[in-house]
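Sequence annotations record features per position, and here Swiss-Prot assigns ATP binding site to THR65, PRO66, LEU67, GLY68, GLU69, GLY70, LYS71, THR72.
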Amino acid sequence: MLSDLDIAQAARLRPIHAVAADLGLTDDDIERYGRNIAKIDLAVLQRLTDHPRGRYIVVTAITPTPLGEGKTTTTIGLGQALARLGKRSVVTIRQPSMGPTFGIKGGAAGGGYSQVVPMEPFNLHLTGDIHAVGAAHNLLAAMIDNHLHHGNRLDIDPYTVSWTRVVDISDRALRQVIVGLGGKENGPVRQAQFDITVASEVMAILALTTGLHDLRQRLGRIVVAQTRDGAPVTADDLKAAGAMTVLLKEAIKPNLLQTLEGSPALVHCGPFANIAHGASSVLADLIGLHCADYVVTESGFGADIGFEKFCDIKCRASGLAPDAVVLVATVRALKAHSGRYAITAGKPLDPQLSEENPDDVAAGVANLTAQVRIAKLFGRPVVVAINRFPDDFPSEIEVVRQVARDAGAFEVVESFVFAEGGAGGYDLAQAVMAACEMPGKFTPLYPLDMSLRDKIETLATKVYGAARVEYTPEASRQLTRFEQQGYGALPICMAKTQLSISHDPKLRGAPSGYVFPIREVRLAAGAGFIYPLAGDIRTMPGLPAHPAAERIDIDADGRTVGLS
């Protein structure tokens, strides 16, 4: 089979104005970046206010292996299938960071015959939004150190500065640095760090904002440090938020691309899913819902982490609620959850994974059962999509199908969208359209007036399967301080591994009865959530021994090769 890049480069793309017209957008509504990419002016939201709202579908998954289970591919393939059935559909997905693109995971444009194109700019720079986020973030960092250098009028305690610097490349050497070396003219010496840009609170803010003025207010609320008296210091206190907003004036506009089959795709924002909420922008979804019959979006990683945050954070920010949920499962991942196989990114797969073994699938299906249960907590029907691989066997598929039905899935269908594009997603599309018509009420997991500790314990026990939560003394002090400072009504955005429903990536399947540890609690006041840290979560990845960057090059004709 052709590589993803070969397929993408062979595609005949429609002019972007024609793609926009499918959504009812005019030339005045878009700002073109060449023939195949455009930004959408936010004024369309005012013009389309009276349009009926389309159906809202969110794609999630079982706990993934490091290789991923095809969630983005399924999202795109479902959008293509709906379009083939004569529905006006649009997919809304995240823009990938260049860190994973050059590292282990590769790009995030989907795969096979269900991709967003043009693939190269999608994975590299696109319209520069991530760079704008980095510039806004680093401007605030510079203004903090500048304030300390020029007298520290706000009486900031330098040891409490929590605002980092960012770069959109995985670079472990920058995780811990010393700034201010070389004499007084370079500012006070202090320990600092770099994060990858998509872990920035600015990225989370951009993804959750509902407009330019809301963006300005959110940026102003960012807390960067404490005074020596313990009061929070904000970006507004430093008079940085206005300039940060100006840097993001273009980045706030969603990007319009297309799928391989020419249907519209909105690509916007890319917050980390295990640190932030891990979903594409509220604005892209709002525009899509005013323009299309069906909007298909995705949440990060498994239902325990990405879908829960989608419901408890993103839906609260947008005022929207999903009509149906698609949960992607693979035979490969369920075999891995049996504990009998190790899947490591960058290493060859165990050949036995390709052999027929329904018993191994049955040994790992507890994760599927748990993730369907988690997805159903929020009140909407769940369609399980079995993402088919060529080496799957009917006996293994039947195990997955039966377990998903027993877990309460509305429907279980096989998906062939990787190999067949939209044509391989007809059954999935039909099931999803039927699910959207089901009665039921969307319900967040917890009320916002619940205490921070009670919210955390609700997540740990109802979603992660823990028996109880254990806090370090520092985490307990931080929770008390945040509530005293007036942040107690914020939702929780748990920072934890994506490789297990628990905090420990080694715990496969559906762990239960364990102690869920919280070692630290941080505040993202601008984004509007509290994020406790459970386990070892890195905000700056490192490159593997053989990063994907080694394979990427230019051929004799100037075409990109090796990008995946």
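For all residues, glycine too, the Cβ spot is worked out from N, Cα and C.
Location within the structure of each feature annotated in Swiss-Prot.
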residue: THR65; record: ATP binding site; CB count, 10 Å: 21
residue: PRO66; record: ATP binding site; CB count, 10 Å: 15
residue: LEU67; record: ATP binding site; CB count, 10 Å: 18
residue: GLY68; record: ATP binding site; CB count, 10 Å: 20
residue: GLU69; record: ATP binding site; CB count, 10 Å: 22
residue: GLY70; record: ATP binding site; CB count, 10 Å: 29
residue: LYS71; record: ATP binding site; CB count, 10 Å: 27
residue: THR72; record: ATP binding site; CB count, 10 Å: 24
Inquiry  = Take the mean position of the Cβ atoms of THR65, PRO66, LEU67, GLY68, GLU69, GLY70, LYS71, THR72, the recorded ATP site. Which other residues of that chain put their Cβ within 8 Å of it?
reply    = ALA61, PRO64, THR330, ALA333
